[in-house]
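Everything on this sheet refers to the single structure shown next.
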Amino acid sequence: SVELTVGEGVVLAEAFASSDCKSLQEVVLWMNTVGPYHNRQETYNHYHETLGEALQGVELEFSGLDIKFKDDVMQTTYCEIDLDKGRRDAFVYAIKNHYWYQMYIDDLPIWGIVGEADENGEDYYLWTYKKLEIGYNGNRIVDVNLTSEGKVKLVPNTKIQMSYSVKWKKSDVKFEDRFDKYLDPSFFQHRIHWFSIFNSFMMVIFLVGLVSMILMRTLRKDYARYSKEEEMDDMDRDLGDEYGWKQVHGDVFRPSSHPLIFSSLIGSGCQIFAVSLIVIVVAMIEDLYTERGSMLSTAIFVYAATSPVNGYFGGSLYARQGGRRWIKQMFIGAFLIPAMVCGTAFFINFIAIYYHASRAIPFGTMVAVCCICFFVILPLNLVGTILGRNLSGQPNFPCRVNAVPRPIPEKKWFMEPAVIVCLGGILPFGSIFIEMYFIFTSFWAYKIYYVYGFMMLVLVILCIVTVCVTIVCTYFLLNAEDYRWQWTSFLSAASTAIYVYMYSFYYYFFKTKMYGLFQTSFYFGYMAVFSTALGIMCGAIGYMGTSAFVRKIYTNVKID
């Protein structure tokens with residue numbers, strides 16, 4: 001059939017991956033999807049084994065080709081196509097749009113293209129002969145290569161024979177190293193990558209030094225000033241005026257506006273950070289890139305398992321802020337991220353169904369995800385919320401909160417919370433934007449991301465930069481006698497997401513050749529989800545660090 005032929009290039013060949021093979025044991029060639037090269041996500045059908053594969057549109061189908069371990073196959077015809085006008089037009093469309101195909105044998109991927117056009121773009125040719133060369137080491141498959149030959153011109157009302165051959169050869173590649181050929185060290189370990197890490201590290205040193213100066217010099221002088229022990233010097237006048245942050249000690253621990261939403265965001269951000277940390281560590285240890293859908297499956301499992309983190313931090317913060325509708329807060333905290341992800345996926349699913357793309361999530365998979373939300377995430381979030389409310393839900397602020405809020409005085413425009421929020425995300429984004437390029441390229445192009453050590457280092461740098469920036473922003477805000485630091489610290493760190501999303505526009509238009517409604521909606525939909533999740537995580541990190549800073553300075557200051 002035409003579907004079989006076009007999808008050949010999409011073959012996902014797998015053969016008893018983790019077990020030894022015996023001579024003449026069947027090696028299964030699975031077909032997966034076919035689609036335009038420049039629209040990686042726009043793939044079309046051709047069984048998934050895991051939840052991650054189902055969500056990523058991996059649809060395996062047995063190719064029917066007869067392949068046995070160590071058994072060479074001479075050129076054999078497996079299909080004959082009667083090329084009528086409709087079928088020819090389908091092939092021409094596929095060739096014009098650079099349709100690619102992928103095959104797996106023993107979980108090893110193979111890529112190829114359906115055909116090619118001549119220089120003038122008038123004649124189109126189909127590759128009809130697939131030569132498979134399979135390397136083995138002992139009783140295990142360690143290497144697979146595909147060569148496409150037999151270029152046949154597409155002429156209506158002719159017959160085209162599709163054939164294949166299999167050649168087995170002994171290889172010295174170790175089984176545990178068989179995925180190394182798919183990696184690209186020259187790309188991921190390029191000097192620009194190392195330079196970006198060094199640049200971010202220097203930024204960390206600068207910001208840590210700045211915060212240390214504030215803590216060790218300015219605050220110490222402030223304590224002395226308020227105790228009338230000594231005079232301020234010029235540096236102190238620059239960093240804090242005559243009135244300063246001490247004047248708002250009676251309002252600084254006032255509950256934030258909209259505490260229910262705020263607490264839910266903080267809890268969700270802490271959970272996203274925990275998930276990111278655990279998944280990166282697991283990826284460093286287990287080499288998740290070697291298994292289809294394993295990264296997404298691991299992330300879903302870890303997200304569900306870390307739901308108590310969300311409940312604990314969100315529930316305890318809501319209790320400390322005097323919130324009474326804790327059950328509502330628990331539900332919002334539990335379903336905030338899943339609802340955002342599922343809502344986006346549901347919208348894109350309609351477009352995928354319209355295009356008959358394999359990215360359309362099956363109904364059974366959607367039911368499985370909903371069951372995880374209601375029967376795993378929600379109960380575990382409830383456990384975390386109860387623990388958080390009982391263990392750290394009592395307000396223990398170092399300063400008493402005034403009954404009447406203090407008026408916020410006039411201040412310069414650049415000290416307004418809105419301006420601080422817009423500027424706060426620039427440095428955190430600057431510390432990660434090079435890594436964003438490598439992550440985007442691995443997801444939206446054809447690179448396999450494997451340098452999770454870099455990712456861990458960048459995550460640590462991002463956390464340090466975010467905390468330092470929000471502490472500095474909060475200190476200047478409090479010095480302006482504006483005690484609205486909770487939302488300001490969260491949003492100034494979360495604004496990193498805005499810059500990441502803006503960068504995604506640049507990447508789309510200048511670094512990819514994507515086109516069409518499906519790929520555009522898929523790209524910008526999931527980039528919005530990624531950016532929002534990153535923003536919530538950064539916001540929670542910024543707030544948690546700033547909260548510790550605020551508590552520290554108001555614990556030590558002498559209150560008259």
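Using the three backbone atoms N, Cα and C, a Cβ is placed for every residue, glycine included.
As recorded in TrEMBL, the features of this protein are as follows:
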type	residues	note
TRANSMEM	192-215	transmembrane segment
TRANSMEM	260-285	transmembrane segment
TRANSMEM	297-319	transmembrane segment
TRANSMEM	331-355	transmembrane segment
TRANSMEM	361-383	transmembrane segment
TRANSMEM	418-440	transmembrane segment
TRANSMEM	452-478	transmembrane segment
TRANSMEM	490-510	transmembrane segment
TRANSMEM	522-544	transmembrane segment
In the same chain, which residue numbers or ranges, 6 or more beyond the ends of the transmembrane segment (418-440), come under 8 angstroms Cβ to Cβ?
187-188, 192-193, 196, 200, 203-204, 207, 447, 449, 451, 454-455, 458, 461-462, 465-466, 469-470, 473, 476-477, 488, 491-500, 503-504, 507, 511, 538, 542
Counting Cβ pairs closer than 8 Å, which of 260-285, 297-319, 331-355, 452-478, 522-544 has the most of them with the transmembrane segment (490-510)?
522-544
When you look at the transmembrane segment (260-285) alongside the transmembrane segment (522-544), do they share 3+ Cβ pairs under 8 Å, ignoring any pair fewer than 6 residues apart in sequence?
yes
Under 8 Å between C-beta atoms and at least six residues away from its ends: which parts of the chain pack against the transmembrane segment (260-285)?
295, 298-299, 302-303, 306-307, 309-315, 317-318, 321, 323, 325, 328-329, 332-333, 336-337, 452-453, 455-456, 459, 463, 486-487, 490, 533, 536-541, 543-544
What residues in the same chain, six or more past the boundaries of the transmembrane segment (192-215), come closer than 8 Å to it by Cβ-Cβ distance?
239, 427, 430-432, 434-435, 438, 451, 454, 457-458, 461, 464-465, 468-469, 471-472, 475
What else in the chain is close to the transmembrane segment (361-383), if you only count residues 6 or more beyond its ends and a Cβ gap under 8 Å?
51, 54-55, 300, 303-305, 307-308, 310-311, 330-331, 333-335, 338, 342, 345, 349, 352
Same-chain residues at least 6 beyond the ends of the transmembrane segment (452-478) with a Cβ under 8 Å from one of its Cβ atoms are 188, 193, 197, 200-201, 203-204, 207-208, 210-211, 214, 239, 244-245, 248, 252, 273, 276-277, 280-281, 283-284, 415, 417, 420, 423-424, 427-428, 431-432, 435, 438-439, 484-485, 488-489, 492-493, 496, 538, 541-546, 549-550
Beyond the flanks of the transmembrane segment (331-355) by 6 or more, those residues with Cβ under 8 Å of it:
42, 55, 57, 260-261, 263-265, 267-268, 271-272, 303, 307, 310-311, 314-315, 361, 369, 373, 377-378, 381-382, 385, 517-518, 521-522, 525-526, 528-529, 532-533, 536
